[in-house]
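Here the structure is laid out as structure tokens; the discussion comes afterwards.
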Amino acid sequence: MLREKLTSFGKKLIRRRMVDLSSETHFARCLSTLDLVSLGVGSTLGAGVYVLAGEVAKEVAGPAIIICFLVAAFSSVLAGLCYAEFGARVPKAGSAYLYSYVTVGEIWAFIAGWNLVLSYVIGTRPGSTRGAPSSTVLEAWGASGGSVWCCGGRVWGGINRKVGAQVRVAGASLPWAQTNAQTCHRSGTASVARAWSGAFDNIIGNHISAFFANKTSMHLPGVLAEQPDFFAVILILLLTVLLAFGVSESALVNKIFTAVNLLVLSFVIIAGFILGDIKNWQLSEENCVNCSQPDLPDDMKKAFGNGGFFPFGLEGVLTGAATCFYAFVGFDCIATTGEEAKNPQRSIPIGIIVSLLICFVAYCGVSASLTLMVPYFHLNKNSPLPEAFKVVGWEPARYAVAVGTLCALSTSLLGSMFPMPRVIHAMAEDGLLFKFLSRIHSGRKTPMVATIVSGIFSAAFALLLDLKDLVDLMSIGTLLAYSLVAMCVLILRYQPRQPNSPKAMEMLELNGNEEERVIMNPTITAASAQHKETWSLAMLFNPPGDTPTVLSGCIVYVCVAVIAALTTVICVVLTLNVAALKDASVGWVLVLVLLLLALLVFTIIIWRQPQSNAQLNFKVPFLPLLPVFSTFINILLMVQLSAGTWVRFAVCMVLGFIIYFTYGIWNSVEGKNAEKACATVEKPLHHPGLDLSPEAAAV
């Protein structure tokens, strides 16, 4: 009896969602491909482009920062390709939450969705890395009561900057506080709103913070900010009204700000190439500051590198690439537009790939122009562009940089607020969150209730909370989503064709198609189905046919789970035992080699299984290598987060699980559909005319 209850409970956790792939939706289909590209560029390419290049070029990579962005862009494109295929497969709102629900089950979908919601509402994503040559945590707190200065939806900082040191960004002075080294964060709504407030306050001379400094004080270290940020609240509420009013109006505003930002960046790039000198990429070691100032300490001399295009060598390029990886995060917001794009199966893949390409060109262009204008070791890492223009005699250009920075922060804020209610709506519509959050305004065709509720929560966080201790926590949300999507692509490509709606699934149940029932409905056990094929060791490397079957699909499921576990162990070994590996410790090297060989074997097993031949507008190439490599990168960044971050993640997940196990699991729409299907199967019926042709195929 107990065993049956536990089995039934376990099946509830892994039940998967049926997706109706028809074009019917309660949303307004009004977004063009250009709108999606603008949304992706605005969310990804924020004010960080004005700061990050100087930081990484001076202290990590030199002129080779261009190569860093190239490597980082390649790594980010891997995740983007996985999102693009799912956008072509499942053109519905929900992003990684929905993709996980369709593939790996309800509990993983809730984990992904819950973390995405937290990321959008509270803080930044993804976060920093700890104990690695890449980046670690650094938060910047602006003058307006501890506002986070989020650049491009990210928080940037310098190495060895003392608390309270003044930083000039876009011509404005900002106090910074450091907790470790560099960082780059993809910001959520509350953080970006405080960033915008702090930036604007500094530009106008800190009048806002000065006004509230003596009138409000509520500081509680680690919990409450020093003073409430009313300007950030007003900004969030205004954008909440805009998003609730209509998606087309929001898209228009986003396009305007994105266009201004791109114009400013184009000006910076063109001016840099006109004023630059190629000799700044050909500096010898004697030209470097450490050689011209022999009195400097040895550690300071080494900090300037050896000159040339690669002053810090290959290690500097890899370190810089790990830092620059986060600069390309944000494109995933495009995946939430599946029910508002005019042609989602075409527009979503194009929007993701084109937006990443534009961001790559912008980052590389700014990096090249910056290092051409000024020798890399003379760059001002706090305010590189204004100071570079000052060196070449174009000091007024800093005002253009200031305008671009505010526009970039505006698009970052919109990029955080736009997907937030859509993920909440998708979870509520599936019954995993409270049902009232799924209501769609009949006139405006927007998720009105979810937009207002999420806006209110974001405004409250921005008003009251000290967010610096939560920003790394939000890193996990995005990296986990990236990993799940990559694994889901790997799984679905090797599954047999599946029906595309709950109705089709019900028909399968009625007709007793055992093979399809097993793969589509985890509530039906394999023991209850009559398999036409039997498992053998030969099937792992030499399957009998070229069409996916239930057994080949199950083999891929198991292999993907093992690959995820092996990748996690490998990343932990690489992170915690770097010194032993560098010293060529035989024991750890042998362990690492064995783990890598095991990873290779399971990857080959997946490669040998037959793939689905479903026709899609876009497919990830080079399976299974690209999804496996993307998963490795994401998990490597996740395991480098601090122990404190994981503790806070556990606390947040406990809160989420309370909601899920007290409400979601019992109100799940898929659970109710499964109960109805089981009840119907008990009454045998036959539908001889059912059409389950390929046109009705699902993912």
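Keep in mind that glycine also has a Cβ here, set from the backbone N, Cα and C atoms.
The following features are taken from TrEMBL:
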{"type": "DOMAIN", "residues": "618-668", "note": "domain 'Cationic amino acid transporter C-terminal'"}
{"type": "TRANSMEM", "residues": "26-52", "note": "transmembrane segment"}
{"type": "TRANSMEM", "residues": "64-84", "note": "transmembrane segment"}
{"type": "TRANSMEM", "residues": "96-122", "note": "transmembrane segment"}
{"type": "TRANSMEM", "residues": "230-247", "note": "transmembrane segment"}
{"type": "TRANSMEM", "residues": "256-275", "note": "transmembrane segment"}
{"type": "TRANSMEM", "residues": "309-329", "note": "transmembrane segment"}
{"type": "TRANSMEM", "residues": "397-418", "note": "transmembrane segment"}
{"type": "TRANSMEM", "residues": "448-467", "note": "transmembrane segment"}
{"type": "TRANSMEM", "residues": "473-492", "note": "transmembrane segment"}
{"type": "TRANSMEM", "residues": "554-580", "note": "transmembrane segment"}
{"type": "TRANSMEM", "residues": "620-639", "note": "transmembrane segment"}
{"type": "TRANSMEM", "residues": "645-666", "note": "transmembrane segment"}
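In summary, the transmembrane segment (397-418) does not lie against the transmembrane segment (620-639): fewer than three C-beta pairs, each 6 or more positions apart in sequence, are under 8 Å. Beyond the transmembrane segment (554-580), the same-chain residues lying 6 or more positions past its ends with a Cβ under 8 Å from any Cβ of the stretch are 131-132, 483, 487, 490-491, 494-495, 519, 526, 539-540, 587-588, 591-592, 595-596, 598-599, 602-603, 605-606, 609, 628, 631-632, 635-636, 638-640. Using the rule of three or more Cβ pairs under 8 Å, pairs at least 6 apart in sequence, the transmembrane segment (473-492) is in contact with the transmembrane segment (645-666). Counting Cβ pairs under 8 Å that are 6 or more residues apart, the transmembrane segment (645-666) and the transmembrane segment (256-275) reach fewer than 3 and are not in contact. Away from its own ends, the transmembrane segment (96-122) comes close to residues 12-17, 19, 83, 86, 90, 186, 188-191, 332, 335, 416-417, 419-420, 423-424, 426-427, 430, 432, 454, 457-458, 461, 465, 467, 470, 473-474, 476-478, 480-482, 484-485, 487-488, 491-492, 522, 652-653, 656, 659-660, 664-665, 668, 670, 699 of its chain (Cβ-Cβ under 8 Å, at least six residues beyond either end).
Long-range contacts of the transmembrane segment (26-52) within the same chain: residues 93, 150-154, 156, 169-170, 184, 199, 246-248, 251, 254-255, 257-259, 261-262, 265, 323-324, 327-331, 333-334, 337, 339-343, 346-348, 350-352, 354-356, 358-359, 362-363, 366, 382-385, 401, 404-405, 408-409, 411-412, 414-416, 418, 440, 444-447, each at least 6 residues beyond the stretch ends and with a Cβ under 8 Å from a Cβ of the stretch. Secondary structure counts, DSSP: the domain 'Cationic amino acid transporter C-terminal' (618-668) has 40 helix, 0 strand, 11 coil. Panel annotation: around the transmembrane segment (256-275), residues 38, 41-42, 45, 49, 358, 362, 365-366, 368-370, 372-373, 385, 388-389, 392, 394, 397, 400-401, 403-404, 407-408, 410-411, 414 of the same chain, lying at least six beyond its termini, place a Cβ under 8 Å from a Cβ of the stretch.
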